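Structure first, then comments.
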Amino acid sequence: MNITKAYVIFFLVVILTNSLSNSDVLASSDIYICVTVIETTKNDVCSTPCTIRYGTFECFHDCILEHYRDGNCINGRCCCK
């Protein structure tokens, strides 16, 4: 009986912890929200946030694919020009 009670309590704690945790934070390393912002300075468009996995090389590559001549991470965002 004590083992069953312990399993039920453990199960409820896991469910409660899972429901209270912020699932967006856990999945944020694989999900990128692309918001295009028109810049009025030297760069034409700044969009995807730069992270450890999405750095200068990836930014440059994506900008070239979108027919810009250059791209770099500036202030934490991928900026194409």
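The chain as shown is numbered from 1 upward.
Note: Cβ is positioned from N, Cα and C throughout, glycine not excepted.
Worth saying up front: this structure is predicted, and the values here are computed from it rather than measured.
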Record Swiss-Prot, residue C59, disulfide partner from C78, C79: C78
Cα-Cα distance linking C73 (disulfide bond) and C59 (disulfide bond), given in Å to the nearest integer: 7
Inter-residue C-alpha distance, C73 (disulfide bond) and C46 (disulfide bond) (nearest angstrom): 9
Distance, C78 (disulfide bond) to C46 (disulfide bond) (CA atoms, angstrom): 5
Rounded distance in angstrom between the Cα atoms of C80 (disulfide bond) and C63 (disulfide bond): 6
